[in-house]
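Undergrad: Quick one: this structure, given as structure tokens, is what I'll be asking you about.
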Amino acid sequence: MAVQALDAARVPIDWQRLALPAVLVVVAYGLIPAYASSYLVEAILLPFLALSLAAVGLNLLTGYCGQLSLGSSAFMAVGAFAAYNFNLRVDGLPLAATMILAGISAAGIGVVFGLPSLRLRGFYLAVSTLAAQFFVQWALTKFGWFSNYNPSGVISAPHLIVAGFPLDGATGRYLLSVTTVIVLTALVWRLVNSATGRNFIAVRDNETAARVIGVPVLRTKLLAFAISSFIIGVAGVLWAFTYLRTVEPAGFNLDRSFQILFIIIIGGLASMRGAFLGAAFIVVFPLVLSRLGAFLFGGLFDSGVLDMSQRIVLGALIIIFLIAEPSGLSALFDRLKRRIGSRSS
Amino acid sequence: MIGASLGVAAYERAPEISGILAGARPVEDTRQARQSAKADAMLALSGIGISFGGVKALSDIDLEVKGGEIRAVIGPNGAGKSSLINIISGLYHADHGRIAIDGQSFSQVPASRLARLGVARTFQNLALFGGLSVRDNVASGRVYTRRASFVEHIANLPRARREDAGIAEKVDQTIAFLHLEAVADRLVASLPYGLQKRVELARALVAEPKILLLDEPMAGMTATEKAEMAGFVRAARDQHGVTIILIEHDIGVVMGLSDRVAVLDYGRKIADGTPAEVRTDPAVIRAYIGTADGEDI
């Protein structure tokens, strides 16, 4: 372990990265379906999984490729509504195909709103991705076709069936969600460790140098938008179909986009693990705060106070993270592990 | 005002210059037998001019570089040396003039095709990818040879594997050539400055370019590091036959290393020739040390 601490600056070895995911798979498919209460699944794990996947998607674009986006929630909405419509209008379309088509729809929209990235950078790009946020929400509300002319605009999610097995129960939805997240995360993990992933990092770290050595900068940026939006789109399907069980434009507002951005800032940019740590934090934090508030202040701590204090504490935390630990929970985690490691040896 | 500041800069550099003028570094002038000039030019600039907001950074520059030679471009601060390299690599658009790279003529070099044209460069201020290891930084120098798509990379299909293996081999050779083995798996941002400069040279060399543009490769280095770097640059030319255009502030290094030297001052070429010729050129002495009557000093 001491050697590991000395070599901290080196790039970690692959097998170490593989051990943790292996344990997680055992927990995800063995322990949780067997023992977790439906409250844990419905209120914590399902939103956690959907937000984690969205964060993995945004992290690919912002953390790895350096393109700041505030349109995540719009791409989630595109995914959710595309899945609803494919499911509604194409008879007998398998759920997996529905999700892939939803992802592709989100990727298409993502590429369109990624076009400004060819000219704009940083803050200006972030503002231009806001256009996606407002446009998508407007279009989904304006054109009734998207919600099948449902008078309230709120539609309930369809039955979830995979290969004849209904997955509408809490455990079934959990299994669908966790499988989707694992498969897509594994694919993204392979991508970021491939030559394409290194192109993303090259564009992020020095665009001019990347261009001169022959990285196709424009294509790389659009690819990052496409893949990122695909993943965020599928995350939108999970959010609407497995967690909320309804599909409505208002659920995918700007707050959600910020929430996903905060997840990757708190969790750690350009870190796969960071997306999950950040999402866990964002999901669990309000629950902890509400329990803690009720315990300390009793009846005074109502939902209004909870909402307000949640915003204040979260805002303060983000400022603290940006100043004290810009690499997020993921780096904090690493440092803790090293400290424990060096103490035990 | 400008003359005065230049004079001060030149004054600070005077001891270094006088050493060179005294012939501290003898150079063999065998390569300089002037043959048919433009016929074997690897790179030729003609009438290059560029101005920024009305200030002429370069005016009417002609420069011709033969295959396999080390061609230095020197000059005081603000002489336009970096602008020249940025024009050759397509990052700046020249207002007029043409650039011929290995026979292909351009009024504007396409930067995104630079690597495929056989031109690689380093930057005056480091332009490495801080989030990647040394090995991955060097490997990125061969990215222009890759054809496999991201799907092939994710699925690890044969073409992606083949490309990775081929590039890994070249990267290993280059890392060995520049003695970077010990730090190959370190994150590049964690390396000291001198080594980062060397990684940048490695990233350029691994592309196996015909023309290598070095923008102050020894800036900010210690004397030992400079000598080491000069050795690598010479070895790159001798072993791989790459044509090198070298921009450098340290005039001592330049005189010892290069076959021919062009001197820029205020965006004009004031001298061009062998180190021995340039060293005794009155215009060069004036640009570097100020006028003889001492007005500028």
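Placed from the backbone N, Cα and C atoms, the Cβ positions cover glycine too.
From TrEMBL, here are the annotated features:
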type     : residues  : note
TRANSMEM : A:18-37   : transmembrane segment
TRANSMEM : A:43-61   : transmembrane segment
TRANSMEM : A:92-115  : transmembrane segment
TRANSMEM : A:122-140 : transmembrane segment
TRANSMEM : A:174-192 : transmembrane segment
TRANSMEM : A:222-244 : transmembrane segment
TRANSMEM : A:256-272 : transmembrane segment
TRANSMEM : A:279-300 : transmembrane segment
TRANSMEM : A:312-333 : transmembrane segment
Undergrad: Mind checking which residues reach the transmembrane segment (A:43-61)? Cβ under 8 Å, same chain, six or more beyond either end.
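TA: Beyond its ends, the transmembrane segment (A:43-61) has Cβ neighbours at 32, 36, 67, 69, 72, 75-76, 173-174, 177-178, 180-181, 184-185, 188, 191-192, 200, 224-225, 227-232, 234-236, 238-239, 242-243, 259-261, 263-264, 267, 269-272, 274-276, 278-280, 282-284, 287.
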Undergrad: Taking contact to mean three or more C-beta pairs under 8 angstroms, with sequence separation of 6 or more, is the transmembrane segment (A:312-333) in contact with the transmembrane segment (A:256-272)?
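TA: Since 3 or more Cβ pairs under 8 Å link them, the transmembrane segment (A:312-333) and the transmembrane segment (A:256-272) do come into contact.
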Undergrad: I'd like to know if the transmembrane segment (A:222-244) touches the transmembrane segment (A:92-115) in this structure, counting it as a touch only when three or more C-beta pairs sit under 8 Å and are separated by 6 or more positions.
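TA: Counting Cβ pairs under 8 Å, at least 3, so yes.
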Undergrad: Could you tell me what the rest of the chain brings near the transmembrane segment (A:256-272), counting residues at least six beyond its ends with Cβ under 8 Å?
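TA: Cβ under 8 Å, 6 or more out: 51-52, 54-56, 58-59, 62-64, 69-74, 76, 133, 185, 188-189, 192, 201, 204, 232, 278-279, 281-282, 314, 317-318, 321-322, 326-331.
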